[in-house]
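Notes follow once the structure below has been shown.
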Amino acid sequence: MIDEKALTTTTQEAAPVSVHPSSKKRSIDTRLDSCDPEKSSSLDLRTTKQEGDVDAQGQPILPGKTRKQTVVSNVQFASACWSLFIIGWNDGTTGPLIPRMREEYEIGFTVVSLLFVVSFVGYIVGALVNVWMTHKYGFGTVIVIGAILPVIVFSVQSAAPPFPAFAAVNFLNGLGTALQDAQVNSFIGSLTYHSATKMSIVQSFYGLGGLVAPFVSTPFAQMERWSFHYLITLGFTIVNVISFAFAFRFKSLDECLADGGEPVKPMAKGSQVSLREVMKTKTVHLLGFFILSYVGICVTLGGWIVTFIIEVRNGGPSSGYIVSGYYGGLTAGRIILLPINKWVGERRVQFVYMALALAFEFILWFVPSLPVDIAMVALLGIVLGPIYPMLFNQAARILPRHIYLGAVGWISSFGQAGSAIIPFITGAISQKYGIKSLHPMLVTMMGLMIGLLWLTPDRPPKETPGVESPEGSQSTSPTERHEP
């Protein structure tokens with residue numbers, strides 16, 4: 001007679017144990033290594049740093065980069081920084097040159113503001129075609145196309161043609177800048193190693209460009225051949241084309257990430273998403289309008305503050321240098337405030353910075369003192385500076401992976417439109433009410449920013465059937481998980 005109890009016990013003891021394939025692989029590799037006397041004294045890194053492993057704190061352990069991959073990664077990052085430097089240089093140039101343009105072409109605020117309108121059209125077109133172009137031609141090709149277009153612009157503007165032609169080519173500048181900015185932000189946002197820190201650094205180069213530009217454009221504004229300033233910008237843009245072509249070699253985003261030793265995450269393949277799918281996401285529009293308001297405030301302040309200082313505060317012809325203080329503040333804020341951002345928390349600290357910006361703006365508006373104005377402009381740059389990179393870190397936390405790259409491209413391009421439409425509106429209002437209307441406009445836009453930030457979520461949406469959540473079961477972004 002068969003003992004059923006004994007049979008059951010035997011069956012339970014013989015039941016197979018489920019072993020995760022990766023654990024089994026690591027176990028076998030470790031046993032093999034232990035047989036090798038040269039490896040028995042230390043663990044082979046290949047057995048401890050497989051992608052998907054975690055350390056004692058539960059943080060992912062990433063495979064190390066080779067020396068070649070490190071060099072490629074550094075070259076790619078340097079080319080991205082140079083691109084943002086040129087964009088900042090171009091924005092920092094406008095303010096000191098506007099008074100000279102009005103004098104040279106004998107035009108008012110509204111007409112000179114057409115420069116911003118034409119750029120706005122270019123930015124919007126860039127926002128609309130970026131996802132399609134990236135899907136059709138690839139990351140490396142689109143970023144080079146975006147770099148080539150400004151070469152045409154500054155070739156024309158350096159000759160100081162009639163104002164209609166001077167303004168019309170700004171369409172290509174807006175289009176090219178939108179494409180570059182979208183691709184650079186998508187690339188940095190797709191990095192696994194130190195993405196949040198690198199986003200702050202690359203955006204600080206925008207401020208650095210704006211810091212340096214007035215020291216060159218202000219003297220040119222007082223010269224007979226004032227437009228020759230654009231020959232310098234032309235040289236910068238030619239180097240930019242070469243830099244992008246060398247660094248990214250017309251490859252896809254996934255190939256560029258792999259060349260730099262970056263793990264190719266699922267969200268990096270989201271560049272294939274359609275614009276229609278991006279447009280269905282409410283958070284994308286909240287972030288887009290926030291960035292539009294932010295960029296609009298920054299460029300409006302940098303573009304019109306010189307005119308305000310000259311006409312209202314009776315500043316001299318060297319007032320253009322005040323823009324350097326502003327963009328220098330942007331640069332410093334994006335670097336020196338990094339520890340405070342991490343300590344306070346990016347979400348909370350943005351509200352603190354916006355409150356401080358409003359306070360500094362009111363002082364700039366109501367205190368008629370040139371030294372105070374100079375100080376307030378610099379402080380505005382410092383507190384506004386960190387907000388832009390932090391918003392893209394937030395996007396990495398809350399946007400679904402499968403639309404991330406397409407969404408970031410749209411947000412970047414659409415946000416750049418703010419650098420054109422808000423300065424134009426300011427110029428049009430100033431034509432009727434005077435440049436004093438600059439400050440009510442800035443205060444209104446800052447209030448709008450605070451409202452949009454309040455409406456924007458800071459947590460990813462709950463996972464829904466058929467849609468991959470931003471980070472699966474994790475609530476932290478890839479940039480947070482891999483920051484040191």
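Every residue, even glycine, has its Cβ placed from backbone N, Cα and C.
Values in this document were obtained by computation on a predicted structure and should not be read as measured data.
What TrEMBL lists as region 'Disordered' is 1-60 (among others).
Residues or ranges marked as compositional bias 'Basic and acidic residues' in TrEMBL: 26-52.
Look at TrEMBL and you will find 76-463 tagged as domain 'Major facilitator superfamily (MFS) profile'.
Among the features that TrEMBL reports, transmembrane segment is placed at 107-131 (among others). Long-range Cβ contacts of the transmembrane segment (107-131) within its own chain (Cβ-Cβ under 8 Å, at least 6 residues beyond either end) map to 94, 98, 101, 142, 146, 163, 166-168, 170-179, 182-183, 271, 273-275, 278, 303, 406, 409-410, 413-414, 416-417, 419-421, 423-424, 426-428, 430-431, 435.
According to TrEMBL, the feature transmembrane segment maps to 137-156 (among others). Same-chain residues lying 6 or more positions outside the transmembrane segment (137-156) and placing a CB less than 8 Å from one of its CB atoms are 83, 86, 90, 126, 130, 165-166, 169-170, 172-173, 175-180, 183-184, 186-187, 230-231, 233-234, 237-238, 240-241, 243-245, 248-253, 255-256, 271.
Positions annotated as transmembrane segment by TrEMBL: 228-248 (among others).
Positions annotated as transmembrane segment by TrEMBL: 286-309 (among others).
Same-chain residues lying 6 or more positions outside the transmembrane segment (321-339) and placing a CB less than 8 Å from one of its CB atoms are 88, 92, 95-96, 197, 200-201, 203-215, 218, 298, 301-302, 305-306, 309, 315, 373-374, 377-386, 388-389. Positions annotated as transmembrane segment by TrEMBL: 321-339 (among others).
The annotation transmembrane segment is assigned in TrEMBL to 351-368 (among others).
Positions annotated as transmembrane segment by TrEMBL: 374-391 (among others).
The transmembrane segment annotation in TrEMBL covers 403-425 (among others).
Feature annotation from TrEMBL assigns transmembrane segment to 437-455 (among others).
Per TrEMBL, region 'Disordered' is recorded for 460-484 (among others).
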Positions whose Cβ lies under 8 angstroms from the transmembrane segment (374-391), at least six residues beyond its ends: 196, 199-200, 202-204, 207, 287, 290-291, 294-295, 297-298, 301, 305, 322, 325-334, 337-338, 341, 346, 349-350, 353-354, 356-357, 360-361, 363-364, 367
Recorded stretch, among 228-248, 351-368, 403-425, maximising Cβ pairs under 8 Å relative to the transmembrane segment (437-455): 351-368
Per-region confidence, the domain 'Major facilitator superfamily (MFS) profile' (76-463) (mean pLDDT, whole number): 89
